[in-house]
Amino acid sequence: MTLKLYDTMAREKRDFVPADPGRVTMYVCGPTVYNHAHIGNFRPVVVFDVLFRLLRHVYGEDAVVYARNVTDVDDKINAKATAEGVEIKVITDRYLAAYHEDAAALLTLPPSLEPKATEHMGPIIEMIGELVANGSAYAAEGHVLFDTQAFPDYGQLSGRDLDDMIAGARVEVAPYKRHPADFVLWKPSKENEPEWDSPWGAGRPGWHIECSAMIDKTLGQTIDIHGGGIDLAFPHHENELAQSRCAHGAPVLANYWLHNGFLDMAGEKMSKSLGNVIIPHELLKTTPGEAIRWALLSGHYRQPLDWTPELIEQSKKALDRLYGALRRAKTVEAGESEPSDEVMAALSDDLNTPLAVSGFFELSSAIERAVTAGDELAITANKGRLLASAGLLGFLQADPDSWFEGDADDDLKAKVEDLLARRIAARTAKDWTAADAIRAEIDALGVVVMDGPAGATWRMKD
């Protein structure tokens, strides 16, 4: 089955053919660690986690190298540290740890590599030096800037033209720039800002050059896949591409450019500046990470996704249905299986996750029918296929009872099980008054009882 991916550069789906099937490389822009990441920041984390899982399934776990950087040099980080009166590393360590915690709660695999900007100053300065030496960059008033006019293909990725950029400019252009679109590779640091020595004076790098240098150092001059949110296509990815190609003379930086769409809130782009953000670090206190993950994958990754309370409720209900089928079949072991052809076909068509998850319900229905019929062979086969298919998207890896019981502690679990046993005894004795009273007692504990052919099960209320 051929994997097709939509390449932003080509403006079309293309068959994915890695340069080396034994070392498939992918780079995705990671967090700037100055605060908790919002749910929109986590959409690419989850989307490219699915691609990472798919590539590992196709080419082998050891054959895929996924790098996701950490930006730990930034004005916002400096401002946060100053406001709190602490060292910059206190801020970056705190929010990187929180980012890792949230990413794990959303069931994402850690990347193969996680390069930090502060740990790559040598390669960053070296790459800037190469650009200056070959005429692609110039020094001016303590800054080093990339000369966009020296790169004829500038604007190719985003479909922009240099002349249009001048006409559409709304900000004052620094007088030391040769062209308004020229961007900073190195800049002098202000007082109390971090700085590193360089041939152009003490200072720090611009954002774009950090990624170019880290890609080069961790993955190589040309990589298979570069991913990120669509908001990064310009200027960040456009500038990365220009820097890397000019530094090495390579014809391409990435053979495939993938971008996910925005996450909206009531039709508006979600962003910290608009104050309409959802923070997973807080949301996870009340909502299972798997439900958040389901919501993020409920639409095609290239399309905008509108985040609503209803979306989360729908995601919980979808997982309830799937875990419910697995719970009813829990006495039968799952068979060894590959993902279903339908799920593989959906994911191979530019990561069509909505179509892929629809295939889960066909398998769960088959499990339900097999349970009703007492067909253990069919249960084994379909259960194995469902778990393998869902695992490819990072779903259904929890114990079904754990999913329904949520954060219930051992004391509560024991109390509910005792009440259920007493309720069964009352129903067996046809003491309906006692049975109803026990059910009301269970309800008061925040527990929902679900009666089924295999007996009563329970779950915590939402």
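Cβ coordinates come from backbone N, Cα and C, glycine included.
Copied over from Swiss-Prot:
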- Cys29, Cys211, His236, Glu240: Zn(2+) binding site (BINDING)
- 31-41: motif ''HIGH' region' (MOTIF)
- 269-273: motif ''KMSKS' region' (MOTIF)
- Lys272: ATP binding site (BINDING)
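Here the motif ''KMSKS' region' (269-273) is broken down by DSSP into helix, strand and coil counts: 2 helix, 1 strand, 2 coil. It is 18 Å from the Cα atom of the residue listed as 'ATP binding site' to that of Cys29 (Zn(2+) binding site).
Summary: among the binding-site residues (Cys29, Cys211), the fewest other C-beta atoms within 10 A of the C-beta are counted at Cys29. Residue counts for the motif ''HIGH' region' (31-41) under DSSP, helix first, then strand, then coil, are 3 helix, 1 strand, 7 coil.
Along the motif ''KMSKS' region' (269-273), the predicted structure has mean pLDDT 73. According to its DSSP assignment, Cys29 (Zn(2+) binding site) is coil. Taking all protein chains in view, 15 other C-beta atoms sit within 10 angstroms of the C-beta of the residue listed as 'ATP binding site'.
Of all Cβ atoms in the protein chains displayed, 17 besides its own lie within 10 Å of the Cβ of His236 (Zn(2+) binding site). Sequence-distant contacts of Glu240 (Zn(2+) binding site), defined by Cβ-Cβ distance under 8 angstroms and a gap of at least six in the same chain, are His208, Cys211, Ser212, Ile215, His226, Leu253.
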